[in-house]
């Protein structure tokens, strides 16, 4: 088969990897809705979903059937094109961002030299999805929720980026595999970049609009915020997109600060690399859910003040100290 060139084989393998990884991420995001409700019930000493199947295991299927048969309604007063585009961007941008995550030494969708910058670009696109949803709905609660969300996301993305610049300064690369290899050769970044880790996880919770930073969706004030007018599959895309964001941020925490696939016995059992990565990612997913179960929601002004007055100075100090140490080591 002369037409089957090495370049074509590479393209086919990349497409197959992309499909497998993206399907796995979507399935994980959907399953998280059931896992979260079960864990919240366990931690809050109540039942949670327990009617559909053993331990409510088929609750996800029931939810999907219900959502599929709900009317996919678009308000007559909405801007229909932008109204439809918003959930596609919200879910699609986070799915595409997962392409840079190296799952094992040999498995990953894309090995980009601008890996971290690519993540920042995709995370920035979610702001447009929120603004589009709020503005196109032609609803005052949706608009207020989208304004809150965009202001919060932009504020926290500032030090989301700065919190990783210490890692970039030490490694000298934006490539995710280079960062993992540096941790394998030296030490996991949770130790030298502890303050960067703390600020990144705070920013990750805020950017994904998770409790306690779910101000854009504050039910008591804004009646579910920017997706109040959404129903059916469009609302489902926002819903699953939020959980995909949790999986993405958890995978990045595992990769950037805990060595990614690195762990013991990889020389003799290389297949363990996938389980190390999955276990680390799963730990941070559980942490997201625990934060929701245990912390109250602050006021919106407190959320914004915490961003600019506490987290931003902390990331700047961490970056300055890291830069000074890197320069001192070079000399």
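Each residue, glycine too, has its Cβ placed from N, Cα and C.
As given in Swiss-Prot:
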type	residues	note
TRANSMEM	7-27	transmembrane segment
TRANSMEM	81-101	transmembrane segment
TRANSMEM	114-134	transmembrane segment
TRANSMEM	154-174	transmembrane segment
TRANSMEM	187-207	transmembrane segment
TRANSMEM	238-258	transmembrane segment
TRANSMEM	271-291	transmembrane segment
TRANSMEM	310-330	transmembrane segment
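Taking every recorded stretch in 114-134, 187-207, 310-330 and counting its Cβ pairs under 8 Å to the transmembrane segment (271-291), the highest total belongs to 187-207. The transmembrane segment (7-27) makes no contact with the transmembrane segment (187-207), as judged by fewer than three Cβ pairs under 8 Å among residues 6 or more apart in sequence. When each of 81-101, 154-174, 310-330 is scored by its Cβ pairs under 8 Å to the transmembrane segment (238-258), the top-ranked stretch turns out to be 81-101.
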